[in-house]
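Remarks on the structure that follows.
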Amino acid sequence: MEDGAAAREAERWEGYVDWRNRPAVRGRHGGMLAASFVLVVEVLENLAFLANASNLVTYLMNFMHYSPSQSATTVTNFMGTAFLLALLGGFLSDAFFTTYAIYLISAFVEFLGLVVLTIQARTPSLMPPGCAKVAGAACEPVSGPKKAMLFAGLYVTALGIGGIKGSLPSHGAEQFDEHAPRGRKGRSTFFNYFVFCLSVGALIAVTFAVWVEDNKGWQWGFGISTIAILLSIPVFVAGSRLYRNKVPTGSPLTTIAKVVLAAALARRGGAQSASNGAVIDRAPSPTGSTDMKEYCKPGDICGVADGAAEVATEPSQELVFLNRAVQRQPRCGALSCTVQEVEDVKIVLMVLPIFFSTIMLNSCLAQLSTFSVEQAATMDTRVGGLKVPPASLPVFPVTFIILLAPVYDHIIIPFARRATGTEMGITHLQRIGTGLVLSIVAMAVAAVVEVKRKNVASNAGMLDAAAPLPITFFWIAFQYLFLGSADLFTLAGLLEFFFSEAPARMRSLATSLSWASLALGYYLSSVLVTVVNSATGRGGRRAWLQGENLNHYHLERFYWVMCVLSTLNYLFFLFWAIRYKYRNAGVIKG
């Protein structure tokens, strides 16, 4: 009887339950098949999101009568808020609910927001009065209750998007056993294909959905998004019997606050904690060997295990000021901390510099949905007899990502593993660094292309003309290709970096930092536009990014500023990346 009970216990995934809150079982729950449902859902979810976001600046300019800069700021604020709310979704997933529950709730919330936007787009009385877009003529922008309805729809949608972004990647990654090399490799493949599926959804959004919006009406465009997010719910639920869901372990923010406060208030000279000499070892790369048998010697405990750190009773030597939380007697019992809690907080603090270094890259990515779309709108967008909507320009980077992601996972990574003899082949930070370099190149290319576009407008005497300039929009594709490549390397690298490095009890929240970086990048883009206009508009001069006519902007100068800032940001990243030691690389040595 005891042997049978022990066998059943060994078959369970510790800390995981199924969709009915019963213990998850090995061989029945988790694995790539379960994660495949998440990948399909990501196609539909990102289609619903980007079908509107990629073309929203055009909607705001043509139907809500905002200026180009107002439209760009509104879009960046909307997208920034949506991504920032991923932190809320991640927090709730870790603390109170499962990622499974948070996705279902968030998808329904996004559906409600899209219904509001669809109703407004198809009801003329809920839109501002139409007007002729003539050079020099001013149109009355949306205001009052109509503006309130617009922003209510946008930000309810943003709340749903944030919850999805904060739960869906973690839900997929949780399906893999990180204690086995095969599971870790499967998880790495999942993150690569997560970005692949994200791009497939984006491709449908910027081609089919954008064409519908421009030719059939925005009520149909919002309708496509509404149907897509609604369809994602039964697809997600279809995998319920296969999912393993991590049991929430309480608020990670409470743990962080407790450790920091305990370290700050610890009595000097208090009682020292006992130690058996077991410490956590870290290394500059995620794994030291492709063969984990060589890496984990008998008697050692692999650092990849969630519970491994619990064996250690002596804190590590990184961020030693936090060690006082366990080495000194706390002022009150409520501030009593374990070594595990201290090490968890150290990990969170050590990944923050990497997080901050990616914000500038995402500020560059914000240009894909704002000024780059406005640039393309002034150019010749014909391909043969077909007129391509400017908002379909992201077809270039997403197509490149769709082609590159399988090549990266099935050719580049296996080659790198053989060449380096490591399990990862290419480390997370190397991927992120590659993306940062590509963003620098992208901004330089964008500046050069804008100079050429304006020269064509000037030479043709069309600076104030409403007709398309005699220059093909394919010139804009160059900056899209570089930024798209940067996105592939950085986003997949960030998602896996935060998930694999974070403590088990904080993984959804940590993974949400990838989206929070996008959010802060969009906000930073808005701030930079405001600061640049304020600085360049002094003394009665015309600001670089002001007015209705993009041809009178100094957008090329703004892009050069972005290029310089991106270079400085890369140096900041290098400073911290060189010093970073991976949590899951070492072994716990007694």
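Please read every residue number as a count from 1 along the shown chain.
The backbone N, Cα and C atoms fix where each Cβ goes, and this holds for glycine too.
Straight from TrEMBL, the features:
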TRANSMEM  30-51  transmembrane segment
TRANSMEM  71-93  transmembrane segment
TRANSMEM  100-119  transmembrane segment
TRANSMEM  148-168  transmembrane segment
TRANSMEM  189-212  transmembrane segment
TRANSMEM  218-238  transmembrane segment
TRANSMEM  347-368  transmembrane segment
TRANSMEM  388-408  transmembrane segment
TRANSMEM  429-449  transmembrane segment
TRANSMEM  469-495  transmembrane segment
TRANSMEM  515-537  transmembrane segment
TRANSMEM  557-578  transmembrane segment
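Contact between the transmembrane segment (148-168) and the transmembrane segment (557-578) is not supported, since fewer than 3 Cβ pairs fall under 8 Å when only residues 6 or more apart in sequence are counted. In summary, the transmembrane segment (557-578) does not lie against the transmembrane segment (30-51): fewer than three C-beta pairs, each 6 or more positions apart in sequence, are under 8 Å. Counting same-chain residues at least six beyond the ends of the transmembrane segment (100-119), those with a Cβ under 8 angstroms from any Cβ of the stretch are 19, 41, 45, 48, 52, 89, 92-93, 126, 149-150, 152-164, 166-168, 171, 219, 222-223, 225-226, 229-230, 232-233, 236-237, 240, 243, 245.
Between the transmembrane segment (429-449) and the stretches 30-51, 71-93, 189-212, 388-408, 469-495, Cβ pairs under 8 Å are most numerous for 469-495. If one looks beyond the transmembrane segment (71-93) by at least 6 residues along the same chain, the residues whose Cβ comes under 8 Å of a Cβ in the stretch are 49, 53, 56-58, 60-61, 99, 102, 106, 154-155, 157-159, 161-167, 170, 248, 251-253, 366, 369-371, 374, 508-513, 515-523, 525-526, 529-530. Long-range neighbours of the transmembrane segment (469-495) within the same chain, counting only residues 6 or more positions beyond its ends whose Cβ lies under 8 Å from a Cβ of the stretch, are 169, 173, 191-192, 194-195, 198-199, 358, 361, 364-365, 367-368, 372, 375-376, 378-381, 388, 390, 393-394, 396-398, 400-401, 404-405, 408, 428-432, 434-436, 438-439, 441-443, 445-446, 449, 452-453, 456-457, 460, 462, 511, 513-514, 517.
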